[in-house]
Amino acid sequence: MGKRTKVAAPPQRRNNAAPTVGDLIMAAVSASGTHVRRGISLVALKKALSKAGYDVQRNNTRVNQSVKSLVTKGSLQQVTGTGALGSFRVSKDLQQRRPEEEAGGQTQRRKRRRRRSVA
């Protein structure tokens, strides 16, 4: 028979401790303040990301995609504009959830019910 060849294992993903683009965007929007009614514009958001050390010119499409996905998920609320353009703020649902989570600490786990076998 023929010789067996070793199949190369797929490269393992690095587990970075660095925050994702979505996390950076949420931090920048929440840092703009909840008192701002109109939210933060995309241009101001990109300026805040570049001040934080993120290379916005290189990752411009990634920033736009992340903004769109955060709006779709409901984490961000789009105040004006369409697509990735316009002004954004943290959604009201997320603003209400955060103080409850901080005050309550860890959530309680539900106890599983044991199924009794019917014999």
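Placed from the backbone N, Cα and C atoms, the Cβ positions cover glycine too.
Features as listed in TrEMBL:
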COMPBIAS  90-101  compositional bias 'Basic and acidic residues'
COMPBIAS  108-119  compositional bias 'Basic residues'
DOMAIN    17-92  domain 'H15'
REGION    83-119  region 'Disordered'
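Note: the domain 'H15' (17-92) comprises 36 helix, 11 strand, 29 coil (DSSP; helix = H, G, I, strand = E, B). Confidence for the domain 'H15' (17-92), expressed as mean pLDDT, is 90.
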